[in-house]
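**Q** Shown below is the structure under consideration.
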């Protein structure tokens, strides 16, 4: 045992030496990059690289899954409240004064590349020519007009989305919404083999675009604080932010949740509220809330030891998942940021660049900070508050007659007999938005649809109705044109346009 202990001590010493060498090499490379910054860029580049250095240090310290599976427990009953209970409290007469304490923050760092679009995802048209950003502004404008309030919108952009977004924002200069932006950090991608940055200088245009990345939405706390906007909003008397992904069309301001935060029934305010919703088979990979070392903690699939991944995906054991709709106290962000006390697990995101080089991105997730805040709470909200548009299959749902649009908010049509959304799977011919739009002369009637699968070269004429389960598969080299006015109910349509009953 003595020799085993000695060899283990030797191994850990050796690992420590390697760690120190890697950190030193990283510091040398980052100093070289910083030396290429102009005097205008020097200050914020320095902040970015300092933040990255801290993250890299933690990455070298931590190995393996970041949770001890044996310590994971179900959250206590009162730590996840049903939305119905919060709604049942009703609203106070002075809801406008409560609203005036709120700031809406949208995470706007993503590009539309997964849907074949260039530029910010928030500028993709989703409904009647309205983009995600248009709908967001309309929602808040409607709130401000209805209650005579001043709820501002804050966009967290990335270096990928900032310029395009700012150009578009000019069109809202006369709307009744104050709009602010700040940029999340810009971190260097690192070579998977050498663990050194692939960037040689600070520029991020031309051939250097692949050298940098925005480090996930967990970066909101530091960037918001560093931008000075956090202090300004606190100075204006704002108390809470409602944070959500800009592509989640269900993430509208909920007055009942806001009232619960501002006027808690037990007199003790929550610093952090996470909206969760019940898992379906489609959500098995979503992060879930657990009790861990006496704190509410978000556990993501990447943190789970391999032997327990199936258990993590179990809908019966872990019934809820994080919608990434979060309500956070501004004063708490300031306090924790100043103490450097926001603890978020590192997500290692491997990528292969166009030239074939394997790199890694070190990221964090905004919801993972829940364990750093006091008196955190989960609220189990209706599924309608989680309506993300990640693919053209999602886009088809939100463009269809399943939803009606009112003041920027989408609501499920009352004509739909059951509140669940149909399962839609569009094949690779529909992945890009422009291909998808070309294949639908008009969006089909989907009010009575349960399941739609489309694969291959398929186009839809005007006024098609889809009901029940519809499967349309064009074999390689074949093409299927669904004629205008067609009604497909429980049908399988295969390669040569034979129509069978399902």
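From the backbone N, Cα and C atoms, a Cβ is placed for every residue, glycine too.
Not my notes, these are from TrEMBL:
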- 121, 184, 216, 247, 390: UTP binding site (BINDING)
- 217: substrate binding site (BINDING)
**Q** Counting other Cβ atoms within 10 Å of each residue's Cβ, which of the binding-site residues 121, 217, 390 comes out lowest?
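**A** Selected from the binding-site residues 121, 217, 390 on minimum Cβ neighbours within 10 Å: 390.
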**Q** Within 10 Å of the Cβ of residue 247 (UTP binding site), how many other Cβ atoms are there?
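**A** Taking all protein chains shown, residue 247 (UTP binding site) has 22 Cβ neighbours within 10 Å.
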**Q** May I ask which of the binding-site residues 121, 184, 247, 390 is closest to the residue listed as 'substrate binding site' if we compare their C-alpha atoms?
**A** 184
**Q** Looking only at 121, 184, 216, 247, 390, the residues listed as binding UTP, what is the longest Cα to Cα distance in Å?
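**A** The two farthest binding residues have Cα atoms 21 Å apart.
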**Q** Does residue 216 (UTP binding site) have same-chain partners at least 6 apart in sequence with Cβ under 8 Å from its own Cβ, and which are they?
**A** 347, 349, 363, 364, 365, 366
**Q** What same-chain residues, at least 6 away in sequence, bring their CB to under 8 Å of the CB of residue 184 (UTP binding site)?
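**A** When sequence neighbours closer than 6 are ignored, residue 184 (UTP binding site) has 109, 156, 157, 158, 214, 215, 217, 219, 220, 223 within Cβ distance under 8 Å.
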